Amino acid sequence: MIKKILTTCFGLFFGFCVFGVGLVAIAILVTYPKLPSLDSLQHYQPKMPLTIYSADGEVIGMYGEQRREFTKIGDFPEVLRNAVIAAEDKRFYRHWGVDVWGVARAAVGNVVSGSVQSGASTITQQVAKNFYLSSEKTFTRKFNEVLLAYKIEQSLSKDKILELYFNQIYLGQRAYGFASAAQIYFNKNVRDLTLAEAAMLAGLPKAPSAYNPIVNPERAKLRQKYILNNMLEEKMITVQQRDQALNEELHYERFVRKIDQSALYVAEMVRRELYEKYGEDAYTQGFKVYTTVRTDHQKAATEALRKALRNFDRGSSYRGAENYIDLSKSEDVEETVSQYLSGLYTVDKMVPAVVLDVTKKKNVVIQLPGGRRVALDRRALGFAARAVDNEKMGEDRIRRGAVIRVKNNGGRWAVVQEPLLQGALVSLDAKTGAVRALVGGYDFHSKTFNRAVQAMRQPGSTFKPFVYSAALSKGMTASTVVNDAPISLPGKGPNGSVWTPKNSDGRYSGYITLRQALTASKNMVSIRILMSIGVGYAQQYIRRFGFRPSELPASLSMALGTGETTPLKVAEAYSVFANGGYRVSSHVIDKIYDRDGRLRAQMQPLVAGQNAPQAIDPRNAYIMYKIMQDVVRVGTARGAAALGRTDIAGKTGTTNDNKDAWFVGFNPDVVTAVYIGFDKPKSMGRAGYGGTIAVPVWVDYMRFALKGKQGKGMKMPEGVVSSNGEYYMKERMVTDPGLMLDNSGIAPQPSRRAKEDDEAAVENEQQGRSDETRQDVQETPVLPSNTDSKQQQLDSLF
């Protein structure tokens, strides 16, 4: 009887086993063919950030969520490979993808608990999960993981599997892969890790947060000890090595990639350009972009601009705290403040700080980055003293939780504030358009708006040289005499009213030459010139410099620079004068490399005298250069003569009510444009002239940029003659008699041809605003618009 029962039980058990094996076999047969392809492993391309470099190899920008440096398995030190294997998969080189003994041990524990509480995932299984599966704990997911692990083992070598694991695994602190983790936790190359450091990092894959040695040092130390004991058990190290590693004091020096702060505006320009081309892939494909800017030029440009903005703001009253954080509910105020300050940047030696307390005497206690506390008395508060607990200032008052800026002056801390005035500086290689320096404002972190390329501003008198160049092309000369006298134009003002423009200084010089008029920036002469040649002709001609129709008003006010454009566009346009009349396109990207170091693209710039189109007659460019040398020598930009160079030319510009101030100066090699103004346009007052606030910025930068470079000046082209100290085109020594110049002191009447040009100009402007790239067939040929010519280069670049 008993025998029969045993036989029956055994039969049932055997039957269930066969049935179970059958089910598993069927599941395998059904699931295995549906497993994903291993292409992503065989052709592994981890997400790697976009890195942007200056021309001299400094990192100026990095974009991407995952910080990773792909490393071949042979470049990881043996001590780290052994530590990871001892921690995660002791039988890695002996199993077929699944550790059967480990699975059995985990299965017993899971059956006892009644749920999936633990696993015995091998490194291969972790690779399968990290690349293809979710992290949910279900038997179905685990089954797929086992099959994938087997498939991976059949297709890849053990070392390749280990390489994938070492580069893909997340290890906390935004570190992906052990090479990145070595930098972030110990600030060293992965090849230089000690045994103790390797064992500490090897403990992170199990639980990056729980075993983070910075946040949880005690738990991390226990994990390190466990791994070292495993290494000893596997005969990877000796007892002496284990004990020495356990006693080694580890120094955690978090790696902070040094990104040059002076070129952030340039880096953002590159980021946008690559994003437009590649979308989100721009941040994951490991592109390395080399730009045309140099860090030393960037630093000089940044300091030159900041110096002027600081000086202007020096007499301003305190505008209030820049932010506020509520500390009333914080359990650990010091930690709360430290965390907040870690996200702020020190700008121009202005350190962010948070107010911790305001005393009865209205002194202030602040916390600096790093946790240091400093007491500020009324002397240290200075101009900000009136803001301390001043209810009239509302949310901007200095109180507990207020975020302010302080600066260390010879050991004493004092409250400071960032200037409200803004500006931009752009410096180009005149022959290629390569950007050598570009600063878009006082501080990129506080305001990312790039005034060099995004701020549409009136260029004021810096626009006049283009009108004068058009006049030379039309038939005038540098010695053409024009009456600098008041003018009144009925119907040319707002709503058809009388327009009565004035010279900026309110003084008039009578009959003067074009050279004298541009040198002194005479508005009346510019208007009379434009009336003579016609607005329509001027518009068409000036488009040769790269301006769009919408930037060229169809009115006489164009002579005074009332159109709106950007500092970069103005600098690019002036390069035509500097390089002998050729049209080049500005660009910041030089080369792009892929993750493997292969050259992906290289800029093919238009070069003056080679492949760049001739925009204007080289003789015209030369004569304009000689005229604008006088602007620097004896005119409105004579402050630029401080450089002591004879090859410099340029033009200042100031708009109505001193809202915008400009100076564009150049020699045959370099063009640099400086713009100064408030983001919300308002008068800068008496200090807001181009010659007083923009020229000093230009001088400070160009003193560095031109250091050690000889001033040769522009070579006189063929067909230019000199007579009585003036320069002329050989065939045009006198003004074209067909041009009507009304030099009376009353409103001059434009010629019939000028009237026709003006009417055409209005029509062209209206149509041009809706179609910037339309090529009008007028009196003068027009080159492709700036956007079109640049796009042609980008097409060749990408």
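Cβ coordinates come from backbone N, Cα and C, glycine included.
As written in Swiss-Prot, here are the features:
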type	residues	note
TOPO_DOM	2-9	topological domain 'Cytoplasmic'
TRANSMEM	10-30	transmembrane segment
ACT_SITE	GLU88	active site, proton donor
REGION	378-700	region 'Transpeptidase'
ACT_SITE	SER461	active site, acyl-ester intermediate
COMPBIAS	766-777	compositional bias 'Basic and acidic residues'
COMPBIAS	783-798	compositional bias 'Polar residues'
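Here GLU88 (active site, proton donor) is positioned 71 angstrom away from the residue listed as 'active site, acyl-ester intermediate', judged by their C-alpha atoms. Averaged over the region 'Transpeptidase' (378-700), the predicted model has a pLDDT of 96. Highest local Cβ density among the active-site residues GLU88, SER461 belongs to SER461, counted as other Cβ atoms within 10 Å over all protein chains shown.
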